[in-house]
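Quick look at what Swiss-Prot annotates:
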BINDING   Cys29, Cys227, His252, Glu256  Zn(2+) binding site
BINDING   Lys288  ATP binding site
MOTIF     31-41  motif ''HIGH' region'
MOTIF     285-289  motif ''KMSKS' region'
Amino acid sequence: MALRLYDTLTKEKRDFAPLDPSNVRMYVCGPTVYDFAHIGNARPVIVFDVLFRLLRHLYGPDHVKYVRNITDVDDKINDRATRDFPGLPLNEAIRKVTEQTEKQFHDDVDALGCLRPTIEPRATEHIGEMRSIIDRLVEGGFAYVAEDHVLFSPQAMNAADGILPRYGSLANRSLDEMIAGARVDVAPYKRDVTDFVLWKPSKPGEPSWPSPAGIATQGRPGWHIECSAMAWKHLGEKFDIHGGGIDLVFPHHENEVAQSCCAFHTDRMATTWMHNGFLQVEGEKMSKSLGNFLTISDQRDQWGPAVLRLNMLKTHYRQPIDWTQHNLSETGRELDRWFEFLESASGGDPNDANDVMSALADDLNTSAAITALRVQFKNKNSAALRSGLDLLGIPIGREFIQGRKHVRLYAEGAFVAAGGGTATFSTASSSVERSDIQQLIDARAAARARKDFKESDRIRDQLAAMGVVLKDGKDADGKPTTTWEIAR
């Protein structure tokens, strides 16, 4: 099966041909560990996890190398460390911030069903590679030293003869456009407004290392050089796929291309560039000032990992996504129906999931893949539905629908639809009579029996609004049962 991927550089969808099919290599920009990851950060992690799974399926698990970095040296980290741990030396405070944030990131993305990358390098472990690349760039005339800074010159890159790409080609911008749109307050040590920092001197107390290019004072790397160095160390001078969010195309990825191609005299850093679209919340840009800033951890409290992952994949990765409560609720209900079916169903042909595979092979078209899953559910092909969910990395089970706030099942409240007493239970929103809960459960059971799923879903939502969460199953005789819990 041919894999076709959209390349940001060429602006076209092309057949994917790895440089070495026995060693398929992919690099994705990872987190800067200064704050908990928000739900927008989860999008590239999930998208490229699906691609990683697909590549492993096509080429074999032992023939795919996936690198996703950890940026652990950055001004934002320094600022957070100073704010959160004012009584500690800065380096010790930085270590606390980065360790805590990295642990939370791993907890979050592991919960979302994402495989760990083959290699997860930290920037601070690759300072030597950064200095080596910078020295090459200075020696080649592509970078210069000024006031203990090392700066890259896009003008020098575009003036060079040979196979080097033009600076701005990835973002489809010309240098003239960049110069015209540049800020007026340009640092005095820059020769040109488009020059960017490869290395800078450290302030007292900040992390610092011996500088490249013969600079006597110690310093630290700029952001862009970090990824060039880590990709070179673990994937080589040229590799197959470089991914990240659309916001990274310029300047970050453009600068990576410039650094790597000029240092190693190559025409491309990666043969395919892939970028996922923006995420907004309820039709608005996510912002702390708007009060709609959603961390992955917050969303895990409210929604199960299967809901978060499937909801993310319903939109094609290159399209913008609107993250809404309504869509999450719809996704949860759909998964509930699928998982209820899978609890009791068996049989079918797993090869029927080839439609899911074909959709993924067409530029990772997860929305089409999910449409194929709906067909398998409609056809009651449990084997194909399971296989397709596995390809998408969706964990199967009712426990993966509910968020962490819905974790405790009341012992006295766990009863089948035919039972129940008259005790009153306090929920997050009201006091509820057990008999009222039972009446609604009975009405919902009747709706399900006549296959009126719209009414069944309405009653489930009504109970959820009351703070009651339902769990459907079957008894020993195979008859439907419903248990409930109070959302805490």
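We count from 1, first residue shown onward.
From the backbone N, Cα and C atoms, a Cβ is placed for every residue, glycine too.
What Swiss-Prot annotates, mapped onto the structure for a quick look.
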residue : record              : Cβ within 10 Å
Cys29   : Zn(2+) binding site : 22
Cys227  : Zn(2+) binding site : 30
His252  : Zn(2+) binding site : 17
Glu256  : Zn(2+) binding site : 27
Lys288  : ATP binding site    : 8
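For the motif ''HIGH' region' (31-41), the model gives a mean pLDDT of 96. Taking Cβ pairs closer than 8 Å, the motif ''KMSKS' region' (285-289) reaches residues 38-40, 279, 323 in its own chain, all 6 or more past its ends. Here Cys29 (Zn(2+) binding site) is positioned 23 angstrom away from Lys288 (ATP binding site), judged by their C-alpha atoms. DSSP gives His252 (Zn(2+) binding site) a helix state.
Note on the motif ''KMSKS' region' (285-289): DSSP counts are 0 helix, 1 strand, 4 coil.
Break the motif ''HIGH' region' (31-41) down by DSSP state and the numbers are 3 helix, 2 strand, 6 coil. Residues Trp223, His224, Glu226, Ser228, His242, Gly244, Leu248, His253, Asn255 surround the recorded Zn(2+) site, their Cβ atoms falling within 8 Å of the Cβ centroid of Cys29, Cys227, His252, Glu256, which are themselves excluded.
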